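Listed features, source TrEMBL:
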- A:K200: active site, proton donor (ACT_SITE)
- A:M7, A:G8, A:Y9, A:G10, A:T11, A:V12, A:G13, A:A14: NADP(+) binding site (BINDING)
- A:K100: NADPH binding site (BINDING)
- A:E185: L-homoserine binding site (BINDING)
- A:8-124: domain 'Aspartate/homoserine dehydrogenase NAD-binding' (DOMAIN)
- A:132-310: domain 'Homoserine dehydrogenase catalytic' (DOMAIN)
2 protein chains.
Amino acid sequence: MIKAAIMGYGTVGAGVYEAVVTNQKVIAAEIGEALEVKRILDLRKFPGDPAEQLITDKFSDIEEDEEISLVVETMGGTTPAYEFVKAALLKGKHVVTSNKALVAAHGTELLQIARDKKVNFFFEAAVGGGIPVIRTLGTGYQGQVITEITGILNGTTNYILTRMDREGAEFGDVLADAQRLGYAERNPEADIEGHDTCRKIAILSSLVTGKEVNFEDVYTEGISKIDSTDFRYALELKASIKLVGAAQFAGNQVTVSVFPLLVSDENPLYAVQGVYNGIVIKGNLLGTTMLYGSGAGKLPTASAVLADMMEAAKHKNENVRFGWTAEKQAVTSHESEKHRYFVRLSGDAASLAAAKEQFEAERVIQLPGLEEVAIVSAPMTEFTYRERAAKVPNILAMIRAELSER
Amino acid sequence: MIKAAIMGYGTVGAGVYEAVVTNQKVIAAEIGEALEVKRILDLRKFPGDPAEQLITDKFSDIEEDEEISLVVETMGGTTPAYEFVKAALLKGKHVVTSNKALVAAHGTELLQIARDKKVNFFFEAAVGGGIPVIRTLGTGYQGQVITEITGILNGTTNYILTRMDREGAEFGDVLADAQRLGYAERNPEADIEGHDTCRKIAILSSLVTGKEVNFEDVYTEGISKIDSTDFRYALELKASIKLVGAAQFAGNQVTVSVFPLLVSDENPLYAVQGVYNGIVIKGNLLGTTMLYGSGAGKLPTASAVLADMMEAAKHKNENVRFGWTAEKQAVTSHESEKHRYFVRLSGDAASLAAAKEQFEAERVIQLPGLEEVAIVSAPMTEFTYRERAAKVPNILAMIRAELSER
């Protein structure tokens, strides 16, 4: 019998409890013994809840309980999650978390403590919700040199962008509606400004390099400036606009950034709609693969936590090789990243002429009823783009576009 | 140093050799020792090939060589692959294969021998090429009750159907072109009649149930009757036609079959085009996920073999829990499967009236210039469909359609 505790009885925590109860037979058959939740830490009471009797508001009830060998952290944020997780690991308990903020800020240290204590610190649910992207990176592509990850990693922004695409609606209106429907938080900044995606792509990049990629080194641009006109152009280009976390790995040259990207309908990310996530992974042998699924939600996220709990249960007395070391992975300047650029300009002839020349325009798009024009540039670095953009008057907006030819 | 042998130096075998050489540093770093190919079995000579010195035409050079602890089988077919693989396992060597015919026909026995000998018999590359679907089913969804798998598992047929969709071309013409381009074999029956997909979905179903699903129990229908008119209707329905292997798991009720399916553009399989494969997996917690990637090809397939080789190298003296037992999994009659049905009828009023009534038609589609009409039925079992179809005159064609509402 493995006894576990859950810290934080919100949506994900309650999902984990439900998952462990619902699938108890499968779980016991697979790990060879029963898995039971003994304690749940939450400051609130839950009268009438099936788990009511397990609730405690004292972390010491978990920390000091030697029967509890596995702790799930689903509180979110770093305070007090960091303190509690660290203490649990130091007590020799396995920890599984769904908390990307915690992993991005303190993962390196917590992974090291887990190694020292011969336990495990797992966080499948921190990236891609129910998509087993972290375990797949670890065991699915063994021996592979991963060259690129481009992921739609945030369901809220993908939901907003999908509705803007389908309905021709404006960002602000869809955001307000998403907030009303509970798909976006009242304070949506972490999602719409790309901070959530930033932490997730930093975690994936750290896993690929085996070194710490600091999320603060990741260039991050959100979606709040995208408007319905951008989507009109996207339609004309047989493309859509997605917020992506993108990382490229070429030996020690590593670029990681977050930005809205025009993706053509031949890119598998194009078909990732609504609250779904999709993560394209390229390797030097395997070519292009994509993992697709629910990036959030109570049970999908809980299912990722459960898979980690079982992995820990199967390796009770062993630290599974996983994660990254304290060594810092330098992130190459955003300026050296290469893209095409979709650039909107005011309609005057001088602006278009300058843009055509400076950006070596491969396409010029003029839509009916608009007093503006847009171009798609040749591939060039961010540095070159910025230098040349200074010479083009009246640029209205710029969105990066994928490099592939149409 | 781990010494390996490759049996069969065709496309995949040569890809494995190339993969091991190209990624030797990554491999050694990950498994903690070097991995080297010592011998390659092939009846042909390869003058000038980098591996020329390793080639032997005698299986005994591998079987009797105690230094060789890991054997890769990429010969295809069951003779002599079965005999050689069995002998290698009995000698206590790990075996990795890309051969779905071998696994479908003899997997149960070979898995048991591997268990008895405390070695491993892995076959990631047998299903989905470079997509790590087998390892993901094993470790990504731990604790999950898998309820459904629907996969585009054959690149050749998906290539043909994609071109028919895009170009409005006829099956025979695209097949001839695919043969010319090397995407289809001269004898294409195994692909186009669904036999390849059948073996693959049987393997995946065996992995999910942990029991042997006999591929001979799988209802299998290919794509040779699909024509350009079907795709005209599909376009009207905002759908496409895909050959799928489909399995549903509800306790001991297991259905497994292979057939062309009309999938709407909201289904992630819709976006799986050309030679790519896509496998939708549903679980009781995780909802819908999809794994997407190259289903064939030299290096993608080799990368799956390599991942298995490394997994075996990391578990040298241990049989990793994997596969299925000799227990037979009964497959519920195809007759009890439930679908919608897209049915084409000759244009006469009596036929349409009968079809509307018998099939409880939810849609009637009449395309300009055609002297026929089509309906989409209400959901019903295959048994019911067949009973009622007997009462409808002049049915021209039927394709199953997904159950989801538009």
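Quick reminder: no glycine exception, Cβ is built from N, Cα and C everywhere.
Neighbour density around each Cβ, counted as other Cβ atoms within 10 Å, peaks among the binding-site residues A:V12, A:A14 at A:V12. For the pair A:A14 (NADP(+) binding site) and the residue listed as 'NADPH binding site', the Cα-Cα distance reads 18 Å. Shown for the domain 'Aspartate/homoserine dehydrogenase NAD-binding' (A:8-124): DSSP residue counts in helix, strand and coil, namely 55 helix, 21 strand, 41 coil. Residues near A:G8 (NADP(+) binding site) in space but far in sequence (CB under 8 A, at least 6 apart, same chain), listed by position: A:L41, A:D42, A:E73, A:T74, A:M75, A:G76, A:A81.
According to its DSSP assignment, A:M7 (NADP(+) binding site) is in a strand. Under DSSP, A:E185 (L-homoserine binding site) is assigned to coil, being neither helix nor strand in the three-state scheme. Fewest other C-beta atoms within 10 Å: among the recorded positions A:K100, A:K200, that description fits A:K100. Annotated NADP(+) site A:M7, A:G8, A:Y9, A:G10, A:T11, A:V12, A:G13, A:A14; additional same-chain residues within 8 Å of its Cβ mean position, judged by their own Cβ, are A:I6, A:G15, A:V16, A:D42, A:T74, A:M75. Looking only at the recorded positions A:K100, A:E185, A:K200, the one with its C-alpha closest to A:M7 (NADP(+) binding site) is A:K100.
In the three-state DSSP classification, A:K200 (active site, proton donor) falls within a helix. Just so you know, the Cβ of A:Y9 (NADP(+) binding site) picks up 22 other Cβ atoms within 10 Å once every protein chain is counted.
With respect to their backbone Cα atoms, A:Y9 (NADP(+) binding site) and A:K100 (NADPH binding site) stand 17 Å from each other.
The two recorded residues, A:T11 (NADP(+) binding site) and the residue listed as 'L-homoserine binding site', show a Cα separation of 14 Å.
Looking only at Cα atoms, the residue listed as 'NADPH binding site' sits nearest to A:K200 among the recorded positions A:G10, A:G13, A:K200.
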